[in-house]
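Accompanying notes for the structure given below.
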Amino acid sequence: MSINVKQLAAEKAVEYVKDGMRVGLGTGSTAYWAIRKLGERVSEGLQITAVATSQASEDQARELGIPLVAFSDVDSLDLTIDGADELDGALQLIKGGGGALLREKIVAMGSARMIVVADESKAVTTLGKFPLPVEIVPFAWEWTVAALAKLGCKTELRRSGEDLYKTDNGNYIADCRFEAIESAAELALALQRIPGVVEHGLFIGIADLAIIGKKDGTIEIIEGGQDR
Ligand SMILES: O=C(CO)[C@H](O)[C@H](O)COP(=O)(O)O
């Protein structure tokens with residue numbers, strides 16, 4: 001039987017959750033396993049409150065009996081566990097493959113610690129093979145997409161079947177294929193200067209720890225210095 005490497009990484013991360021913590025719940029197929037394990041621990045008596053980063057994670061947590069609060073009801077969170085589409089050795093991330101990057105960034109930035117959980121295929125030397133998701137407002141989206149393309153990427157507006165994909169916040173996602181991002185920090189600044197961009201999927205200086213599950217059943221832990 002093959003090992004579920006996402007589950008391996010996610011369950012390791014849940015070991016960092018202690019009684020009384022306020023926990024941010026990430027989004028995606030790796031975060032799913034973390035939420036599942038948290039639900040198991042809650043049913044065994046773990047006392048936590050949680051904030052979800054998407055409707056999907058909220059629904060899953062509710063079903064498992066994890067006590068949920070709105071982010072506006074807490075000053076800050078102790079720990080967020082979330083997945084990533086790519087991560088490098090400096091713990092810079094690309095996120096947003098699941099379309100939840102805006103809420104994910106708010107929740108991660110509002111947490112004392114962020115743990116990234118991933119399988120080894122997500123670990124890269126240079127970010128950029130995975131198209132960078134950028135959340136944009138629907139108004140004048142054609143203009144915003146053209147402005148993004150001027151940064152040197154191939155840009156595609158995300159679709160959901162026949163329709164344009166809409167985030168939980170009612171915005172669109174432009175997926176920007178750079179192939180290689182030489183300076184994530186410079187690109188982040190350039191993206192922030194484009195009106196119409198709500199948020200981008202570059203997470204720089206936010207993650208504290210990455211837990212990477214490997215096919216051979218081992219786990220690699222990368223520690224980083226965040227500068228939130
Ligand atoms: O950023 C995300 C959602 O917006 C996810 O964390 C990211 O896409 C990784 O997902 P998965 O664990 O399913 O590979």
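Backbone N, Cα and C define each Cβ position, glycine as well.
For the substrate site that TrEMBL gives as THR27, GLY28, SER29, THR30, ASP82, GLY83, ALA84, ASP85, LYS95, GLY96, GLY97, GLY98, the extra residue drawn from LYS12, LYS122, LYS129 is LYS122. Under the DSSP three-state reduction, LYS122 (substrate binding site) is assigned to helix. When the Cα atoms are compared, GLU104 (active site, proton acceptor) and ALA84 (substrate binding site) turn out to be 10 Å apart.
Sequence-distant neighbours of ASP82 (substrate binding site) (same chain, 6+ residues apart, CB-CB distance under 8 A): GLY24, GLY26, THR27, GLY28, ALA31, THR53, LYS95, GLU104, VAL107, ALA108, MET114, ILE115, VAL116, VAL117.
Neighbour list (LYS122 (substrate binding site), Cβ cut-off 8 Å, at least 6 residues apart, same chain): GLY83, ALA84, ASP85, GLU86, LEU87, ILE212.
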